[in-house]
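Taking it in order: structure first as structure tokens, then the write-up.
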Amino acid sequence: MELQEVLHMNGGEGDASYAKNSSFNQLVLAKVKPVLEQCVGELLRANLPNINKCIKVADLGCASGPNTLLTVRDIVQSIDKVRQEMKNELERPTIQVFLTDLFQNDFNSVFMLLPSFYRKLEKENGRKIGSCLIAAMPGSFHGRLFPEESMHFLHSSYSLQFLSQVPSGLVTELGITANKRSIYSSKASPPPVQKAYLDQFTKDFTTFLRIRSEELLSRGRMLLTCICKGDEFDGPNTMDLLEMAINDLVVEGHLEEEKLDSFNVPIYAASVEELKCIVEEEGSFEILYLETFKLRYDAGFSIDDDCQVRSHSPEYSDEHARAAHVASLLRSVYEPILANHFGEAIIPDIFHRFATNAAKVIRLGKGFYNNLIISLAKKPEKSDI
């Protein structure tokens, strides 16, 4: 089965769906919103072609569930807020939003939410139905999605860490697995494995920047949020805990060691310096803003479906309940690729052990995601200067 067929979130509205387990990502979007408003302000002041009539934006790696339209809402509100601050008396521009993700993404669940979303947008923002048009653009952002110089603003949150493929070179010429008993490029991975993952990320992100520069208008903007490398004080990350859970099943005899050794997740958390270096070497974009921030990976446990903080009852401070919440989030993201390789029957056991390991980390006050926000502007052509 092709990687793109299994590298997607759990669809639907069930307990294991991404739609039901994405409160952490809501916190990330809330953290990024002030930067989004700043980025939109710079975009509108740049006076790009046709921007006062129709602003074309896209969310790259939109997934499904409530967060998808939460991102759209934040973009629309930012545009209207900045225009009001600028005292722009021209008629509001139409906003055309493209939601992009892999073909197996559950776009239908998003479409079902659109009627109520449009009504809410009209009630809260005064935007008449038809002034914000939302469409899907299925496909991989590792390839071309839009016509040349057609887009004003591109947004992506928690997607760029996913690679276009498992790096080559993880098996030696003698057929020996280089990344033995590991599922990604961890701190314990051999240097050749770490280099293979970095090389693949460099290739993918360079291609991403080049293609996006072709799709954006001159001086168009791009706002990216992704996981980046943490430090020793963060404790084991969720991929480490997932790796530990699968190793436990191997030790207990529930999985064959060869099955683990042949599994590598196409994901890479780059360092800030690695990301900056790739942007500078590719050369199409100027870095306008860069910030890192940490969030506990159980932070979303205290957030309800409307991104409001729940009451602080003893239940919500219990590390086992919080760990189970983190396990549900990870399952909603990685179940398709895990089930494809290990089989569906073992999935509950993997995440039961994951939750056990996560509870130990949470009890110690550790367990953080290190996140990066980077705002980019496409460099103007010489003829535009």
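Every residue, even glycine, has its Cβ placed from backbone N, Cα and C.
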Same-site Mg(2+) binder from N179, N340, N357, N370, given that Swiss-Prot records D261, F263, N264: N179
Site co-member for caffeine according to Swiss-Prot, given Y158, Q161, F162, T238, out of Y289, Y369: Y369
Further S-adenosyl-L-homocysteine ligand in Swiss-Prot, beside C62, N67, D101, L102, S140, F141, within candidate set Y18, Y184, Y197: Y18
DSSP-derived class (H/G/I helix, E/B strand, else coil) of D101 (S-adenosyl-L-homocysteine binding site): coil
Alpha-carbon distance [C62 (S-adenosyl-L-homocysteine binding site); Y158 (caffeine binding site)] in Å: 9
Separation of alpha carbons, E344 (site 'Involved in substrate discrimination') and F263 (Mg(2+) binding site) (Å): 15
Separation of alpha carbons, F162 (caffeine binding site) and D101 (S-adenosyl-L-homocysteine binding site) (Å): 12
Nearest-integer angstrom distance between the alpha carbons (Cα) of F162 (caffeine binding site) and I267 (site 'Involved in substrate discrimination'): 5
For N67 (S-adenosyl-L-homocysteine binding site), the number of other Cβ atoms found within 10 Å of its own Cβ: 23
Distance, H155 (site 'Involved in substrate discrimination') to N67 (S-adenosyl-L-homocysteine binding site) (CA atoms, angstrom): 13
